[in-house]
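Peer 1: Can you read through this structure? Questions will come right after.
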Amino acid sequence: MTVGVLALQGDFREHCAVLRRIGVEPIEVRLPRQLEQVERLIIPGGESTTIGRLLTIYQMLEPIRARAGRDLAIWGTCAGAILLASVVTDQKQGGQPTLSLMNLTIQRNAYGSQLDSFEAPITMPIIGEKPLQGVFIRAPRIISVGSGCEAVGWLEDGSVVAARQGRLLATTFHPELTDDDRVHRLFLEL
């Protein structure tokens with residue numbers, strides 16, 4: 001199994017470190033030819049507008065869309081989740097390039113600025129009974145989950161923070177910033 005981590009911007013190094021810790025040597029994906037080598041792709045947190053623009057510049061939007069869910073499982077964390085959503089609210093003026101692969105609506109920076117970042121327990125039965133500690137940094141919020149897409153993770157107040165659609169996974173938090181590797185292991189099973 002080959003796992004790529006989109007390494008254009010954001011916290012790709014942290015995802016790579018978790019993958020190595022669980023015995024997977026990741027490929028840092030910066031070019032379309034590297035994308036062709038992977039069966040799974042993690043789109044990390046960072047700045048969604050910047051990552052979207054870089055995907056456009058490096059001509060990777062269409063190759064990712066063409067393979068998504070078929071021979072390419074994709075997991076987006078935070079900014080990566082924004083890029084996977086079919087509807088994004090609170091975009092910068094003029095919009096932003098997205099992959100628009102998952103039937104969900106997501107709101108950018110829903111919890112406020114960097115100063116409003118927080119940690120909170122997450123219920124995610126798909127990875128086990130024990131709550132997961134979620135790290136939310138300028139995090140988006142999943143507003144709604146549409147047909148074919150299912151909510152798989154929640155905050156205590158019922159807010160959806162993780163969704164799955166076939167071989168596509170979106171988390172609005174950063175599992176790579178904790179010692180808990182259960183979401184990474186889940187992704188390897190998609």
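Here the Cβ of each residue, glycine as well, is placed from N, Cα and C on the backbone.
Pulled these from Swiss-Prot:
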- C78: active site, nucleophile (ACT_SITE)
- H174: active site, charge relay system (ACT_SITE)
- E176: active site, charge relay system (ACT_SITE)
- G46, E47, S48, R108, I137, R138: L-glutamine binding site (BINDING)
Peer 1: Give the residue from the recorded positions R108, R138, H174 that has the most other Cβ atoms within 10 Å of its Cβ, counting over every protein chain displayed.
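Peer 2: The residue with the most neighbouring Cβ atoms within 10 Å is H174.
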Peer 1: Relative to the Cα of R108 (L-glutamine binding site), which of the active-site residues C78, H174, E176 have a Cα no more than 10 Å away?
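Peer 2: Within 10 Å Cα-Cα: C78.
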Peer 1: Given that the record lists G46, E47, S48, R108, I137, R138 as binding L-glutamine, what is the largest C-alpha to C-alpha distance among them, in Å?
Peer 2: 13
Peer 1: How long is the line from the C-alpha of G46 (L-glutamine binding site) to the C-alpha of H174 (active site, charge relay system), rounded to the nearest angstrom?
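Peer 2: One finds 10 Å between the Cα atoms of these residues.
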Peer 1: Rounded to the nearest Å, what's the C-alpha distance separating H174 (active site, charge relay system) and the residue listed as 'active site, nucleophile'? Just drop the number here, would you?
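Peer 2: Cα-Cα distance, H174 (active site, charge relay system) to the residue listed as 'active site, nucleophile': 7 Å.
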Peer 1: Across all the protein chains here, work out how many other Cβ atoms are within 10 Å of the Cβ of G46 (L-glutamine binding site).
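Peer 2: Within a 10 Å radius of the Cβ of G46 (L-glutamine binding site) lie 20 other Cβ atoms.
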Peer 1: C-alpha of S48 (L-glutamine binding site) to C-alpha of E176 (active site, charge relay system): distance in Å?
Peer 2: 17
Peer 1: Per DSSP, to which secondary structure element type does S48 (L-glutamine binding site) belong, with helix, strand and coil as the options?
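Peer 2: In the DSSP reduction, S48 (L-glutamine binding site) maps to helix.
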Peer 1: Starting from the Cβ centroid of G46, E47, S48, R108, I137, R138, which together make up the recorded L-glutamine site, report each further residue of the same chain whose Cβ lies within 8 Å of that point, ordered by sequence.
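Peer 2: Apart from G46, E47, S48, R108, I137, R138, the close residues are G10, G45, C78, A79, I82, N109, P140.
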Peer 1: Write down the Cα-Cα distance for I137 (L-glutamine binding site) and E176 (active site, charge relay system), rounded and given in Å.
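Peer 2: Cα to Cα, E176 (active site, charge relay system) and I137 (L-glutamine binding site) are separated by 12 Å.
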Peer 1: Cβ neighbours within 10 Å, counted over all protein chains: which one of the recorded positions C78, I137 has the most?
Peer 2: C78
Peer 1: Between E47, E176, which of the recorded positions has its C-beta surrounded by the fewest other C-beta atoms within 10 Å?
Peer 2: E47
Peer 1: So, three-state DSSP: helix, strand or coil for R108 (L-glutamine binding site)?
Peer 2: coil
